[in-house]
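The structure appears below as structure tokens.
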Amino acid sequence: MSEGLFFIIETFIKAVVILAVIACLAGLATYAERKVLAYMQRRIGPDMVGPVGVLQIVADMIKLFTKEDIVPANANRFIFLIAPLISAIAAFAALAPIPFLPEFELFGHTIRPILADINVGVLYVMGVASVCVFSPLMAGLASYNKFALIAAARAVMGLISFEVVSGLALLSVIMITGSLSLIDINNYQKGIFGWFVFKQPLAFVLFLMASFVECNRTPFCLTENETEIVAGYGTEYSGMRWAMFFIGEYANMIASSIVITLIFLGGFNSFWFVPGGLMMIFKASCVFFFFLWTRAAWPHLRPDQLMALCWKILLPLALVNVLITGIALI
């Protein structure tokens with residue numbers, strides 16, 4: 001088999017496998033979240049469908065697939081229908097330059113678990129993540145619903161504001177490594193004390209907080225509040241279109257967990273006798289669990305509180321961190 005044909009087949013298989021695995025993990029994440037919240041709140045959680053309730057995911061899928069797809073009479077039909085797709089597509093597209101595991105040999109060929117090894121991987125992920133802002137905006141505007149419109153405005157406000165913070169947080173890491181490639185940043189962190197969580201702790205905290213906003217997670221979730229704006233920009237959605245928002249949200253959480261692991265927690269570098277692949281899965285799982293834990297442990301912030309936190313505290317801290325990093329590198 002020629003190298004060109006093998007590359008095409010390999011890329012196609014990797015794309016299918018990555019999409020299938022992340023889609024399955026996004027479904028499993030809903031079950032994991034319900035179980036984690038249940039144990040933290042002294043409840044049992046899903047336990048009726050299958051062993052320990054694990055088949056609840058299948059039951060939810062059947063329910064969502066069989067629900068009627070309703071479009072409000074006054075809604076802009078075309079925009080209303082495509083808005084949920086943008087959320088899921090952008091979340092999956094962000095996975096392209098992410099190396100999930102170390103490379104390995106198979107049938108005499110070196111397999112790299114990454115779709116596109118581009119030298120501007122960080123910039124690509126940031127750019128695609130910013131596209132996610134169009135999904136709630138379009139859903140809110142097209143729904144012809146005041147709750148959805150308010151939620152869309154909140155989502156745009158939060159996402160645009162924290163994109164600045166996350167960009168500045170990553171800038172300090174890029175200044176040290178001199179590369180925008182996620183693989184180069186991962187390879188730079190040799191040894192546990194080489195992790196950027198120790199070299200750039202402030203950048204880590206800032207990027208983590210920005211990830212909460214981009215993933216629409218508590219305590220920085222502005223788009224859903226049953227006492228204020230009901231289900232936010234998803235109020236008028238039903239069936240699988242409603243589910244697409246959550247598939248995108250959980251896929252975003254998984255992607256964010258992997259990116260945080262790669263950039264700040266040593267990525268897939270081996271640790272003592274533990275292989276790099278297992279370390280990658282373990283660290284990303286811990287970050288993902290933190291996303292779930294905060295929902296049960298922290299209250300929501302008001303929009304004005306979140307904006308004050310972003311522009312008055314986090315942004316100045318990010319600028320100071322970049323300045324100090326630059327001075328240290330001179």
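A Cβ is built for glycine as well, from the same backbone N, Cα and C atoms used for every other residue.
Panel annotation: around the transmembrane segment (5-25), residues 92, 95, 100, 109, 111, 113-115, 247, 250-251, 254-255 of the same chain, lying at least six beyond its termini, place a Cβ under 8 Å from a Cβ of the stretch. Swiss-Prot lists 5-25 (among others) with the feature transmembrane segment, giving sequence analysis as the kind of evidence.
Sequence annotations record features per position, and here Swiss-Prot assigns transmembrane segment to 44-64 (among others) based on sequence analysis. Note on the transmembrane segment (44-64): residues 27-28, 30-31, 34-35, 37-38, 239-240, 242-243 of its chain, located 6 or more positions outside it, place their CB under 8 angstroms from a CB of the stretch.
Beyond the ends of the transmembrane segment (78-98), by six or more residues, the same chain brings 18-19, 22, 71-72, 114-118, 121, 124-125, 128-129, 131-132, 134-136, 138-139, 141-143, 182, 236-237, 241-242, 244-245, 247-249, 251-252, 255, 258-259, 262 to within a C-beta distance below 8 angstroms of the stretch. Taken from Swiss-Prot, the feature transmembrane segment applies to 78-98 (among others).
Look at Swiss-Prot and you will find 122-142 (among others) tagged as transmembrane segment. Sequence-distant contacts of the transmembrane segment (122-142) (same chain, six or more residues past either end, CB-CB distance under 8 Å): 75-76, 79-80, 82-84, 86-87, 90-91, 93-94, 96-98, 148-153, 155-156, 159-160, 163, 166-167, 170, 174, 180-182, 185, 214, 223, 232-234, 237, 245, 248, 252, 255, 259, 263.
Outside the transmembrane segment (156-176) by six or more residues, the chain places 122, 126, 129-130, 132-133, 136-137, 185, 188, 196, 199-200, 202-204, 206-207, 209-211, 213-214, 220, 222, 263-264, 303, 306-307, 310-311, 314-315, 318-319, 321-322, 325-326, 329 with a CB less than 8 A from a CB of the stretch. What Swiss-Prot records for 156-176 (among others) is transmembrane segment.
Swiss-Prot lists 192-212 (among others) with the feature transmembrane segment.
Annotation source Swiss-Prot lists transmembrane segment at 240-260 (among others).
Look at Swiss-Prot and you will find 271-293 (among others) tagged as transmembrane segment, backed by sequence analysis. Long-range neighbours of the transmembrane segment (271-293) within the same chain, counting only residues 6 or more positions beyond its ends whose Cβ lies under 8 Å from a Cβ of the stretch, are 29, 32-33, 36-37, 40, 100-102, 192, 212, 215, 217, 253-254, 256-258, 260-261, 265.
Marked as transmembrane segment by Swiss-Prot on the basis of sequence analysis: 310-330 (among others).
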Any residues 6+ beyond the ends of the transmembrane segment (192-212) with a Cβ under 8 Å from its own?
162-163, 165-166, 168-170, 172-173, 176, 185, 218-220, 256, 260, 263-266, 271, 291, 294, 314, 317-318, 321, 325
With a Cβ cut-off under 8 Å, give me the same-chain residues at least six positions beyond the ends of the transmembrane segment (310-330) that come close to it.
161-162, 164-165, 168-169, 171-172, 175-176, 200, 202-203, 206, 209
Can you tell me which parts of the same chain pack against the transmembrane segment (240-260), counting only residues 6+ beyond its ends and a CB-CB cutoff under 8 A?
22-23, 25-27, 29-30, 64-65, 67, 69, 81, 84-85, 87-92, 94-95, 98, 100, 125, 129, 132, 135, 139, 182, 204, 207-208, 211, 214-217, 233-234, 280, 284-285, 287-288, 291
